[in-house]
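Engineer: A single structure is presented below for examination.
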Amino acid sequence: MATPLGNSPSEGRRIMSSPRPKGRENAKNILCRNITIYGHCRYEKDGCAYNHDVGSFKSQQTQNESAKKRFNVDSPAFKPLGPMTNGNSSGAKSASISPQAAGAAIFTPKSTSAGTATPPAHPRDTSAEWINNEIPEFVPSGFDPNHLMPSDPASNSNSMNAYDPFLMTSTTVNQFNQSNNQHQTQLNPYAQDTNSLDSAAYFQAANNYSQPLQYHLYAPLGPHRENLLAYQRTAHDFFLPDSLREDLQRKSEATLQTLPNSTLPSQVDHFHSLVPLDINNQKNAALFGYSSWVYKAVSSNDGFTYTLRRLEGFRLTNEQAIRSVQAWKRINNGNVVSVHDAFTTRAFGDSSLILVTDYHPLSKTLAEQHFNQSPGFPGSHSNRLPKQHVPEQILWGYICQIASALKAIHSERLAARLIHPSKILITSKNRIRLNACAILDVTQYDSQRPITDFQLEDLVQLGRLILQIISGTSNATFNISKALEQLARSYSDRLKECIGWLLSSYPPTPSPIPPNDPSSPIVLDIHTIDTFLTGIAPHLASLLDNVLHAEDSLTSSLTRELENGRLFRLLAKLNFILERPEQSPSHPNQLPSQQTAAQQQWSETGERYVIKLFRDYVFHHVDANGAPVLDLAHVLQALNKLDTGCEEKVTLVSRDEQSLFIVSFREVKRAVEAAWTDLMKAGRQAAAAGGRG
Ligand SMILES: Nc1ncnc2c1ncn2[C@@H]1O[C@H](COP(=O)(O)OP(=O)(O)OP(=O)(O)O)[C@@H](O)[C@H]1O
């Protein structure tokens, strides 16, 4: 109902009984709405200048129908569907209303023009149409293997340092022991396709997993970047990138997932709400010597979600064994899943060992990522998919990250002892973490071998892991020499040397010269994690660079949300102030009808009245035909100007068009602050009075 006036001389004056010709304002609106409206606002706050480009909402309502479906401020808020509706907005919806909700009083907006808000008053009003559209359900396709980085052809041995630990030893792969661990294909319980679950009985309510978020509500809409001038922005420029937001939402959805009617114990120590993470119910005791099961669970101590790994049938014979987990609590490394606790329990009806670790929602194992087998048919050759070529840069990324994890672990005089594709998690793009550390320290506590042996075995297992990833399998058919041949054909010599060095770390050969003998030569061919890190230094540098770039892009995404937080706080403040009945002096003993009058009295007197009209100016614009104007650019612009308190004038018209104010944003800001201070004072006084009482 009002527009900014530029620099009007009649600042802050109340012009009584001068109804503003509606036609003039509306004519301006019509003119604007036939062109693309952009805004660029420079404003200052706390001594800092901000540039806030607003809006490119091409409100081409007169042009074509498709323009009506563009994003606008009336876009419905995200609401997860109930489990039974599953994306179907018809019929089933009403059945899901709770009796409490059904009995709730009907909400009536307090605005005098409330009636205009319900049905679209004008054919140009797109909001209702937008909501009622049947939108086909979006089915997330899970983890995209194509996200992998391209191979780096530049990485070859020529670029390495003169000091080269890998070249100081011959590759003695024949010393390598091969174990026959059968890999089992894992299924993701959060995958949309629950048909692949070959053991429905294992999950009594598998269908209840499916509560898809309506990601399509966030699909990027035009206008697209290339249509805009350099200073112009789209609405999406003010929010997190869609991909990042969706990823975070999926993860938080997975974290909050529950499993109703589960036969799992309702309480395991102080953990509740157990949800199994491995849906393949085949027992596999190959790695730990016990069948292991992984659950997500919530701690009633701190409310956080953790992962519980259960070793079925484990009997604790030595108290010291479980205490060995304490040492793992000191490991704080970005490439190790943090270990929190270990205990034994009979909650599952047997004697089980439980290891509590961090929960990383929607993570996959390296086996799931790189060993191509159709889910649901573990080990079935008929379902094997063609092997993927893993780019060398990805492999170096894995090597560097595991080397970093081993450095942290070996420095604490511990050993990972299990570097296996099914026990390494990919928690985000190319980011891996060693999982299941500490378990063998408990289950094989009585093993008398020195820790250095296990540390050397870690290096061997790392070399073997890379070969397994290259050959696309970790099962009995895995052939070291064939994998090395393949490595030589498709990858750089440097990678081959690196793997050869790792594999030759096992078994340790006892030195004929006592280590403390001063006459002993300086031995550079020491297989330690430090030597290894020296050898891969150039790749560590490029990994660091990648990480810094990723951090830059995340920081820039975060900065966009910073502005939104500021505007949200301002909106919250406005809504705290506007139409508060209890601020009316005559409130306590009044009838509801009298209260409405009192509210009005409070809202329509003093500085609050200007704030109320300003709220109308920001949100309740109408065009020449009385249809709501839903222009997010206008809202952003007006709120930013209010926040900085700029001198620009704005005309505010009362709803009955009997009063008209010309005020600057600075004056409205002052009014907001004064009303806010009053509210805080009233709150403090009431608290003090309550304290005295
Ligand atoms: N800390 C964790 N956070 C989130 N998910 C996890 C965590 N640990 C394991 N998972 C998930 O649980 C599932 C099962 O893990 P597990 O280590 O049992 O692998 P597995 O392939 O089933 O191995 P095994 O055959 O030895 O049981 C995997 O899909 C993995 O992504």
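Cβ coordinates come from backbone N, Cα and C, glycine included.
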Engineer: Please identify the range among 26-55, 206-235, 326-355 that TrEMBL labels zinc finger.
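Structural biologist: It is 26-55 that TrEMBL annotates as zinc finger.
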Engineer: Sort out the sequence-distant neighbours of PRO361 (ATP binding site) for me: same chain, 6+ apart, CB within less than 8 Å of its CB, listed by position.
Structural biologist: ARG250, LYS251, SER252, ALA254, THR255, THR305
Engineer: May I ask you to report the DSSP-based helix, strand or coil state of LYS423 (ATP binding site)?
Structural biologist: helix
Engineer: The region 'Knob domain' (577-693): mean pLDDT?
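Structural biologist: Averaging the confidence scores along the region 'Knob domain' (577-693) gives 82.
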Engineer: Cβ distance under 8 Å to ARG309 (ATP binding site), same chain, sequence separation 6 or more: which residues?
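Structural biologist: ARG309 (ATP binding site) has long-range Cβ partners SER292, TRP293, VAL294, ILE354, LEU355, THR357, ALA436, ILE439.
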Engineer: For SER363, THR365, listed as binding-site residues, tell me which one has the smallest number of other Cβ atoms within 10 Å.
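Structural biologist: Counting other Cβ atoms within 10 Å of each of the binding-site residues SER363, THR365 gives the minimum at THR365.
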Engineer: Taking the Cβ of LYS423 (ATP binding site) as the reference point, list residues of the same chain whose Cβ is under 8 angstroms away and which are at least six residues distant in sequence.
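Structural biologist: Correct list: LEU287, THR365, LEU434, ASN435, ALA436.
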Engineer: Across all the protein chains here, work out how many other Cβ atoms are within 10 Å of the Cβ of TYR359 (ATP binding site).
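Structural biologist: Counting Cβ neighbours of TYR359 (ATP binding site) within 10 Å gives 20.
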Engineer: Specify the secondary structure state of THR365 (ATP binding site) as given by DSSP, simplified to three classes.
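Structural biologist: The three-state answer is strand.
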